[in-house]
Every structure is written in structure tokens, then in C-alpha cells.
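Trainee: This structure is in C-alpha cells; I'll ask about it shortly.
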Amino acid sequence: MMTMTVQTASTKKERKKGKRWTIHLFPIPALIIYALFVLYPILAALSYSFYSFNGFSRESFVGFNNFITLFTTEPYGSMFLNAFKNNVLYFILQMIVMNGLAFLLAFIIYKKVKGAEFFKIAFFLPRLLSVIVVGFLWKLILNPNFGTLNMLLGKLGLEELQRAWLGDPNTALVSIILVNCWFGLGFGVLIFLAGFQSIPVELVEAAKLDGAKGMTMLRKIYLPLMVPSILIMTVLTFIQSFEAFELVYAMQGSMGEPYFSTDTLAVFFYRLAFGSSTSGSSDAIGLGSALATVLFFFILVCTMVFLKFMNKKEVQM
Amino acid sequence: MKKSNKFLFLFLFVMLFTLVLAACSDNSDDTSTNSNNSNSEDNGKKSEATEKVKLTIGSWRTEDVAKYEKVIALFNETNPDIEVEFNPTKNTEYNTVLNTALQAGEGPDIFHLRPYAAGLKLAGAGFVEPITDLKGLDQFSDDYLAASRGEDGKQYGVPLNISSTQFFYNKKIFADQGLEVPTTWDEFIEVNEKLLAADITPIAMGTKESWLLSLTHGIVGPGVVDGNAFADKLVTGEKDFTDPAFVESIEVMNDLKKYFPANSEGLGMEDIRTLFAMEQAAMFPLGSWEIPVVSELNSDLDFGFFPMPSKTGNQTVTTWVDGSFAINANSKNKEAAKTFLEFLTTKEFGELFVEEFKMISALPGITSNDELLSELSKTVETNSTPYYWVINFVSGDPTTKSVLETELQGMYLGEVTPAEVAQKVQENAEISFEPFK
Amino acid sequence: MKNSSIWSKPFYYVIVFAVATISLYPIFLMFLSSFKTSAEIFKNPLGLPTSFSLDTYRTLWSKIPFDQYFINSVIVSVTSVVLVVLFCSLAAFYIARFKFSWNNAIFFLFLLGMMIPIKLGIVPLFILMRDLGLINSLWSLIFMNIATGTPLTMLILTGFFKTMPMELEEAARMDGAGNLRVLWNVLLPLMRPALGTVIIVNFISAWNDFFFPLIFITEKAKMTIPVGMLSLFGEHSADWGSLFAGLTLASLPMMILFLVASKQFMEGLTAGALK
């Protein structure tokens, strides 16, 4: 906008066009609905973290007591640490497996393989399923005694690899994360593909005329131009990894079974705020809100850093 | 061009504001009938129904929709003016849905109350209407009423059914292997050994879902700790979880693992039920509510139950009140709701309940045609021991019961020893269980 | 890329085929298992069903008012998607193409919604919906879908708006186009890949959401497909054939819709790229 007004001769007319006050109405509808149905309830609930609760009734203002309890009292302290570690693994594995694979697949499709339409649809179909369905299907596939995976391993003569994937604390979390990768892969492909396809054809052609090939093309042309979509996917994967809840809850319940090996911060939060229906509920609303607040600020700060980086990159381009 | 842009603009904002305004004015017009003011599609139906009182029932029993339709039909024979709708929510989401609505002063007129402390917490918050003087309550045994009696001594629910946990066994496998139903602890172990020697999985049990572990401890524990004697002293605080007998009960749980199916750490409820129903395992330690489910899965299965044989010689099934029906303190139809609750205390209801639900009624003197169920009902009356994990240990955060479950799971995964399990349970109970403080 | 022969890249094909197989297998398994009995699933999970009878489907269809749920789901999803994409396009245009000093702050405000579990605020939200008279109204679901879909939509759309070259916009403004025309006639057509993405993503989450219908809707006539499906789990916990049939029924409309619409989307994707 700024550059434009400087460039054009008839400045007065342009200012009138570009900067009419009505432009300020553009973000209003989204803001109103978002503020009413997301910001307001969340802020209202965040304030709970400063109160003590007796069952459902809010009692007195206790300052930072809930936060102190969360970090210094057992079992909360070690549960928090354990869940946090699991979230970190969630993020790392998703970045490598899901986003890595999605980038590769998007590149292959962009390069126009035969049947690209079919593959795009195939990769994306899992994303259409409800998480409940996903959890149910994979619980069955990973079932130790009659699940497809163990049967397949048996037929391949790899019996020593067979195990109770979701019951063994060593494999449960990784299994869940890989299922999540299966689920989210298609979305990554879409984003990266949209990114590849936004690259001006002229740039690619020009580089080719200069004789760039293979890895050089990737490093010099594709990667730099894909930075916006890579950053979007990184931010999204980060937030989604630290908010990981639905799939763990659907497959391993609100206790992060077995023995908290699949526990995540959001599952821990749910357990605190809503209790566990199979073990008798224990609604610790104050603690749950405190945990959500901590989680919120952690993600907030990290995202800010990411976005700073994003803006910088754009300036360079 | 410019004009059409402006129109689009106007349209957007007009639409948004009408929406908001419509929503708000709806509310100020008739705050009393929130549920009726939204869409106009079924106005016709509603005006017809206005003369009738309409009750809604909330529950976690999604599997019982068809059965409750029969209950409601029976109720309407004597109360044609009260329309009742049974509207259950999936078990795992029920607490969240109900608690949210109750905290906003809404919710169904009648709802299924979780047993003991878990449900009474709602009464403590003032969400439940006391029904101490309800006609017909006096028939129930005091133990059953206690499941929904508040700390203030008021009665908040009508007990519905008794759940009992015990070993089910496959009669055919037992006959084929020449096995008798065990009546002592040693015989029980012997049965397991013989089955194992015959290459049959003795016990259909999995440790992936931790709630199954407290349930199994409820069954197996009394075999070691002399059921009622220990339970009675435990709840008064005379004995606690450091008691050698209790530690032994945990060790015994650990020892039973060799009788579980392969990969038991990865098996959940559906898996073990299927194993037992498909005759791949001889015994199944679970609750009375599984009888109709197992039968549905394999109608040819001939199975019975046996109470847990103990080292001291007595035999027990483990029991508790599984649910009660209560009235929402904010209900607009409390009188009609009371009428329905009174109906739940009648013999007619009790008979229909046993017949249709294949569960044990909390009402006294209701018999069943189903052989297995009627035998179980008799055993519940003579040989029961309280399931103290649900009755006494569901408070605290985390609850003592959930600590037991988690640590037992850890034990089966080799992370903690039985003694450590007992110790962690004790540490938790000392914080939340009144007699231990 | 036109020089590189397709067959010189067998590596590409191995990868896409392998991933496609893994992607599709569980869905295939769900479909296949819906024709099996529990015993068949248990004893021979890999095999084909002994008979392809539609009886399970018929029983389910008669038990669940599937058509009513379907209509509700369509109303909620379509309205939510149209509104969220419309509102967010306007807002993202404002944030990405103008440099008002508060734009970064607004953008960030929009992102906050992603960083916190909305479930936390369910009680205040319920009270708000009650006061607005929206309990048991499909509007409660539509508003929630718009509000919860806004952060991701804003992130994607703002990102892509920023990549659009300024020259196009300048040219249009020279011709006397106002803001709305620049947005509608110049930028949005170029944004088709991104728009396709946000439409799909919002549609899926609106279609599959079960938490809010569970809380805000108690009348059977207003329920959506996921809630109906959820009750199946309780009713058929032992009858896996029926359960799979139910899951297939619940997932099928979304898949058919996607397959029909995907041609449009995919064409949009390529068309947008070639411009």
C-alpha cells in the first residue's frame, strides 16, 4: 500500500480508494464471532486458575497457589514433566515423519507423476475421518493378538518384532504419534503443494535455462521459496503437538495409559479439569486452569518466536 | 461496481447484526423455555405437546435405549400425561456433558447419578433435589440407599441396580478338562494350573485399560484378605493398606499374570470379552452387566459364575450399587419427576427391569427367569463383600482408586513392585480418606 | 520437468504407492469389516467376508434417523464453511495487505485461539449459549465452528495473501477498483489453492465435531452425524460388524462429498498455480 501511494501520480484519488474508512470494517465480523465464542469463554476460564475450588464451587482467590501446587506437589510435578517430554517427542516425530514425508510427496506430485489426482485423494482421505473412527480402526490394527500389523509381521517371518504396540510403554507413544502422522499427512501435502504451485513458473524456467538441476534446484529455488509454507506447517505442527489430545484420549483414555507413557499436557489438563469417568472424577478445576494457562503461555511465546522468524524471512524474500 | 460493493457490505453487516439481535431478543422474550425458541421446523409438534409435561432423562447407558422405551411405555400406562424421553450420552463423555449443563443451571429433569462420592459431589454442589420422603424408598436396604445419601443425611437418589463382580467360567471347557468349580483358594490355583497345562488360556484378562485392574482386585482381593473382615476394618481405619494381607493381595494379582492371555498388557475390555465369548479362555473376571453382552456375542456359549474362593474358606461376590436416579434441583417439572422416581420403586418396574435389562434390581424380592442371573442374585444376598474401591476410595485428586489402577498397571509392566503399589495407595489414602488422616 | 521421463523416476512411484496403500488400508478395512460378523473379524481379520449382505446397514438405517442427522450436518457444515471463509478472507485481506500499526496485534489475537484448549471454557460458553437462546439450535454449532475455525483459517489465508505480488493489486487500483473489488476480483481468484485448503479443512472439522453437539444439543431432531455415531459405540460394543457399518455410514457422506468436490478443488489448485 505504502509503496503504491508513493508511486502513483494522482495521490489524492488513490488515497481515497485505498484508505477509505470502510476498510476498517473488514475484520469486524470475524473479530466479533471469534471474541464472543472463543476469547471470552477462555479468558473467563483462565481466571479460574487464581481461585481455589471445592468441587464445583469457586471459593477464594488464592493468587499463584495453584501454579505452585502444580509444579511442586507430587504427583503433579512429575506428571507435568512426563507429559511435557511426551509433547516434545510428539513435535519432533511429527516434524520429521509427517512433514518430511508430506514435503517429499508434495514435491513428487508437483513434478507430475501419472495418477497425481488419485494420489492426492488417497493421501488426504484419512483426514476426512473423525478422530474417534481413526482411534477405533488403529486400535484394531495394532491389536496384539488379532491385529493386522502383528499378523503381517508374522507372515513376513518377523515374529520377534510382534508386540502389544499400545500396551507396551516403550512403543505406545510412538504408535500414537505415527497414527497421528497418518492422519495429518494429507493436510501437509496440500499445504506444501499449494506452496510449490505458488512458485512463479518463470523463476523455475529461468533457473532451468541456467542449467540448474536436481539438488541445486531444490536448494536454490524450491527450499527458499517454500519457506512460508514450511513455517506455516512448523507453527501448526508445534501448536497441534502441544495441544495433542483427541487421538490419545480416543485410543489410550484420559489416564495416558499404559502407566502415563502416552500422557500429554492436554490430556493431563482434561484429567484435572473434568476428571476420569472410569476412575471416579476428581475435578480439580483450579489446577486444570492453571495448567492450561501455563500451556497457553508456553505455546504463545514459542509461536511469537516462530512468527518473528517468519516475518524476517518474508522481508528477505 | 462501487454500488454493488457497498451492497455486499451492508448485507454482511445486516446479516450479522440480525443474527445477534435475534439471538438476544429470543432470550429476553421467553427465558423460561430456552429449548423451544430456536428453529421453527417442528413448531407443529410442540404445540400438540404443550398440555403434556415432558421429562428428559440423562444417563450413560447408551446401550439401554430400547429397554428404557419399554420402561417408559409401562410408566405411561398409569401416567399418560407425562411424556418421558430417555436421552443418554456416551459413558466417557457423560460426566462432562452433565456437569457442564448442571453448572449452568440446566440439564435433564432426571439423571443417572454415579454411585457414592462421585455422584454425591453433585448433591454437595446443590444440583440435586433431595427426595428423602419419596414414597417407596423405605423398601430398599440401608446399604443400597447409602450409595446416594448425602453427607447431610438427605436421600438424593433411587437406587437402580446392584452390580456384582465375580469369575465367569466356560462350562464346556471345565467339563472337557474334568474341572470342578473351585471352592478354596488352592483349588482355584489348581484349576488355573491344569488349564495352563492343557494349553488353554485360564483367565481372560488384559491390563491395557487400568479400570479393569481395580475391578479385578475387587474380585481377587477378598480371596486373600478374608473379604468382609478386612473390608470392615479398613473403612473404620483399624486396618490400612500397609497390612500384610493387603500387600499379599497385590502380590497375588501379580502372580496371576501367568494365567492371562499372551500380550495381556495390550488387551482391553473388548478383547478379553471376545476371548471369553469365543471360547478362547476358560474364565472371565468381570461384572454382572457383562452377562447379556457376552450372550449377544455368542448365544451358544454355556457359561456360569463362581464366587471368589478364599484362603480362609468363605466365598464372595463383590457388590456395589451401580447407579441411582436423581432429580435435577433446577428442573421445572419436579412433581412429574417425582412421580417417575416413585414408579422406579414399584414391583412392576422391578420385574420389567430384571426381565429386560438382565441386571440385578436394587429392589428386594425381585426374581428373574434367567437361571444365571437369579442364581447370581441369590449369591449377592448371601455372600457379598463390598467393593470398597468404588464405595470408599473415589475421593482425592487423583482418587485412591485411580492410584491403585495406575500402580497395578505399572506393576504388570515391571515398573513397580507389589509392596510399592500398596505403599503408594496408602500414601494417597492418607490425604483423602477421612479415617486414615 | 517436461524433460525428465516418468519412467526414469521409479523411486517416486514406489514412495507414492507405498504411502497410498498405508493411507487407504484402514479405510478399506473398515468397509470390509462392516460385512463381517464379530467372530469373523476376530478369527480372520485379514480375510474377505463370507457374504456381502447389506442387512447390517438396513438394520442400522432403520434404528437411527440418519437422514435427519445428515441434513443437520449439511446445514451446519455448509453454513459454517461459507461464513468462516468469507469473514476470514475479509479479515486476512485487511491484515496482510495493509500496514496499520495494530495489524500484527490483531493477527496475533486471532492466533491465540489455537493455543488453548477451548474445552477449558465450556461452562462460560454454555451459559453464553443459554443466554443467547442458542441451546438446541444449530446456530450454536455454526457459531462455534466459525469461531474455532478462525485461527487456522486466518493463519493460512494471511500467509498466502502476503505472497501475492503487489503489482496486480496496483494495476487494479489504477483502473479504479475499490477494496472489495481488489479482494474479490483480483486476489481471491489467485488464492484458489489456499481457499481450497481452508474450505476442506473447515468442512472436515465442522462435519466431524462431536464435542459441541454433545454439549449444546439435547433434542434428537437437532443432532448431527458424529453424535449419532458416538451412541453406536455404546449400543454395539460387542457387535463389531454393526459398529463398522455405523462407522462406514458416518464417514461415507464426507468421503463422497470430497471425491465429488475434489475434482473442483484439485482443478482450482492447478489453475491457481498456472496463473
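Every residue gets a Cβ built from N, Cα and C, even glycine.
Predicted automatically and left uncurated, TrEMBL annotations should be read as such.
Note that the structure is predicted; figures quoted are calculated from it, not measured.
As annotated in TrEMBL:
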type     : residues  : note
TRANSMEM : C:12-35   : transmembrane segment
TRANSMEM : C:69-94   : transmembrane segment
DOMAIN   : C:70-261  : domain 'ABC transmembrane type-1'
TRANSMEM : C:106-127 : transmembrane segment
TRANSMEM : C:139-161 : transmembrane segment
TRANSMEM : C:182-204 : transmembrane segment
TRANSMEM : C:240-261 : transmembrane segment
Trainee: Short question: which residues 6 or more past the ends of the transmembrane segment (C:240-261) have a Cβ under 8 Å from it?
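Mentor: Non-local partners: 27, 30-31, 33-38, 40-42, 56-57, 59-61, 64, 66, 70, 73, 200, 203-204, 207-208, 225-226, 228-229, 232-233.
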Trainee: How about long-range neighbours of the transmembrane segment (C:12-35): same chain, 6 or more residues beyond its ends, C-beta under 8 Å?
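Mentor: Contacts of the transmembrane segment (C:12-35) (Cβ under 8 Å, skipping residues fewer than 6 from its ends): 41, 45, 48-49, 51-53, 56-57, 240-241, 244-245, 247-248, 251, 255.
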Trainee: Checking distant contacts: for the transmembrane segment (C:139-161), what same-chain residues at least six beyond its ends satisfy Cβ-Cβ under 8 A?
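Mentor: Sequence-distant neighbours of the transmembrane segment (C:139-161): 76-77, 79-81, 83-85, 87-89, 91-93, 95-97, 107, 110-114, 118, 125, 129, 132, 187, 191, 193-195, 197-198, 201-202, 205-206, 209, 212-213, 216-217, 224.
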Trainee: How about long-range neighbours of the transmembrane segment (C:106-127): same chain, 6 or more residues beyond its ends, C-beta under 8 Å?
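Mentor: Hits for the transmembrane segment (C:106-127): 91, 95, 135, 144, 147-148, 150-152, 154-155, 158, 211, 215-216.
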